Amino acid sequence: MGDLAELRKVLVLYTGGTIGMKKNHQGVLVPVPDVFTNKLKSCQELNDPDLARIYSVRNHELITKVSSCSKVIAYQVREYHPLLDSCNMTPKEWVIIAKNIEENYNEFDGFVVLNGTDTLAFTSSALSFMFKNLHKPIVVTGSMIPIFENPSDAKNNILSSLVFASISDIPEVCVFFANKLMRGNRVRKLATSSIDCFDSPNYPILAETGFHCRIHRHYILPKNDRSALLVHTCLSESVGILYMFPTLSRTQLLSFLEPTLDGVVLMTFGAGNIPSHRQDLLDVLRNAVGRGVTVVSVTQCIKGSVSFSYETGKCMEEIGIIPCYDMTVEAAYAKLVVVCGMTRHSEERAELMRQVFRGEMTIQH
């Protein structure tokens, strides 16, 4: 028994998405319940019956050996009912995922969340802000091609995610896709059909796989062993995103900035600019901030940062709009959802949005 490889335990939460879909009689991909785990069991790369006997794993567990890291990983798959296309994912589902992880936190070494790709960046960003003092990895992944088809990117994404979820010194929410491990609140989906569809445009990748696995530890958040895990599950569902465009009218802006909104992410031109000569728009934004709506600014550009260095951006700072620097729109939205659930006071929300929670932005002075 002394020669056995180290055994790590991982919980896999299967929420839905393309990874487990099948085509119906019309040729349309749809979620199919209660078949995904059996497919994993039948994949030699993802389940080894001989290892199951050696390590005496339970019937509902799967087990695989990863030679590159000399680890044996036993994992359980918990399938959600109903399975969701990720377009149907809301903050309610984020809370369910977070609570499932919290309830099983002490039983596993790490966690994998299988999510559809369309809103995967929202899910990973939200989870990163919901978990404070995280000591274990949470890896969010999916696939562009279902596991039931050949070829598929599903097996590689699942296996690599299991590996990274078993590494104790990656204490943050990550996304694994196409041989890249990325910070969960830094990713964006940049392509609709490529298997290499996610990238981290404003922050280096945390690790990469291929012939060898390389972990860039200096980019990974430090572990805080002295503080207990805290999970924020009170989220606001009254947060919106507004993409600025040249012909935006006062009436359109007014109709969007309803009094019931807690917060708004403005996707602004370039380095955080809006038309400075449009006093009508500035007045609407000023009134919204004045009545307690938390308004933040991100750039419409894939790469880069909001700086308010132009006159057309400086006017936003004077109104009280908060720069999110190089945050992605998904991260800014998710952070605002969490922050607006923490407190009803607009001053406290503004202060929290200016703080770096989980390495989500690089503040420029």
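Placed from the backbone N, Cα and C atoms, the Cβ positions cover glycine too.
Summarising the annotation, TrEMBL assigns domain 'L-asparaginase N-terminal' to 9-217.
Annotated active site per TrEMBL: T18, in sequence order. Look at T18 (active site): DSSP puts it in a helix.
On its own chain, T18 (active site) has L29, G116, T117, G142, S143, M144, I145, P146 as residues at least 6 apart in sequence with a Cβ closer than 8 Å to its own Cβ. Here TrEMBL flags T18 as active site, O-isoaspartyl threonine intermediate.
Taking all protein chains in view, 17 other C-beta atoms sit within 10 angstroms of the C-beta of D118 (substrate binding site). Residues or ranges marked as substrate binding site by TrEMBL: S86, T117, D118.
Per-residue pLDDT, averaged over the domain 'Asparaginase/glutaminase C-terminal' (239-353), rounds to 93. The domain 'Asparaginase/glutaminase C-terminal' annotation in TrEMBL covers 239-353.
Taking a C-beta cut-off of under 8 Å and a sequence gap of six or more, S86 (substrate binding site) has these contacts in its own chain: T15, G16, G17, N115, G116, T117, D118, T119, L120, T123, G142.
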